[in-house]
Amino acid sequence: MFSFYFDNKKISKLLMVGYGSTGKSVCDFLANFIDLSVDISQNDDDFINCDLEQYDLITVSPGIPLNKSPYRVLSKFKQKIVSDIDLFYQSIRNTKAKMIAVTGSNGKSTIVTMLDFVLRDMGYKSILVGNIGTPPLNKIGEKFDYCVVEVSSFQIDLFNSVEFDLGCVVNVSLDHLDRYKNYEEYKQSKLNLAKFSKDFFVYDVHNTGIKYAGEYQIVRGSIYKDTTKLLDITETNLFGEHNLENIIVVLNIFDRFGIDISKAVAAIKKFKGLKHRCEIVKNIAGVTYINDSKGTNVGATIAALNSITSSKNIILLLGGVAKGGDFSLMSKSLAKYVKYVYLYGQDKEYIENYIKDMCRYQICNDMKDAFRLASQKAQDSEIVLLSPACASFDEFSGYAERGEVFEKLVAELK
């Protein structure tokens, strides 16, 4: 066993703030070192009783709200704060492995999952970690060529010294106003990824006007490189122009690492997409049920509405924890594609204030009630879409459980 060093400084005492999956992964990793004392703050009372001056390092879980009491005091100890991703980087930085980071409001999970899938399909050893669910320190013992990291703004706010080989920001839209003062502060948090990346680009045509497409362009549902057609959306298991944009981001990343694009395109055609993201569950009596539970903000739901139909035939299940989202942005998509909205969840009245003049709707008790009413209303050739544009924590443990409940309700239909 060895002593623990961070940036060539021996660490004797460390505080772990938060003990969810990230905190546990940090503590499990640090248990391998000698001469290191680790204290754990699991709740507000624990934290209040901590003398922050005594610690060499403070590792903070991304779920800790730095903008709220009692955690605001951490801003005075910024030089001591590190993320679990910083600790991971310290352990692998002298290897040949490449680290790729992707952040954004929408699209990032699809992009990182596609990256990991294609790399593996092409024979590279790849690990997929970060905000998508697996803490990187849980993979510390594995050998890999590429480490694909989905990072949230909360994680970027905690970065200390990590250096990604490539960082990418995609599709920043209004979100998490429960953690940020305004959209500009949230967007800047995302863009701060550039400070921790050797190479960096932004692909965000919808919201900032910035779009680095390299040599790629979308023409009538197909991706071209210069004048050569690479693939059509119908050749993939995906749908919607937003997924063509996701593919362009992936191809640009591969270009920067010198990876064969023709082989990458062949692998992309096999990629089946994300669970709970515009996933067709079943067609019953002509009604198609689609699970887009991963649509946890307004931008994601707009992308879903704009991609799955060309008619006004969607019955939408909308609601949950709104996180300060601007639902007025949905006006065009609601008018064009949505026949009826069933509104539910903690912030249903908040959302109602935005959409009451945009569409026909009904307030429901909860998601199950909304589903029951939607399934009764739906007719042949219509779509019942769960795309809540909200977080799920008022009713569920996360978007995955919400999606699973939706699928179970569909399965129970006669």
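From the backbone N, Cα and C atoms, a Cβ is placed for every residue, glycine too.
As recorded in Swiss-Prot:
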type: BINDING; residues: Gly104, Ser105, Asn106, Gly107, Lys108, Ser109, Thr110; note: ATP binding site
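Positions of Swiss-Prot features highlighted on the structure.
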residue	record	CB count, 10 Å
Gly104	ATP binding site	27
Ser105	ATP binding site	25
Asn106	ATP binding site	27
Gly107	ATP binding site	22
Lys108	ATP binding site	25
Ser109	ATP binding site	22
Thr110	ATP binding site	25
Simplified to three states, DSSP reports Lys108 (ATP binding site) as helix
Same-chain shell around ATP excluding Gly104, Ser105, Asn106, Gly107, Lys108, Ser109, Thr110, C-beta within 8 angstroms of the CB centroid, reads Val102, Ile111, Val170, Asn171, Asn246, Ala300
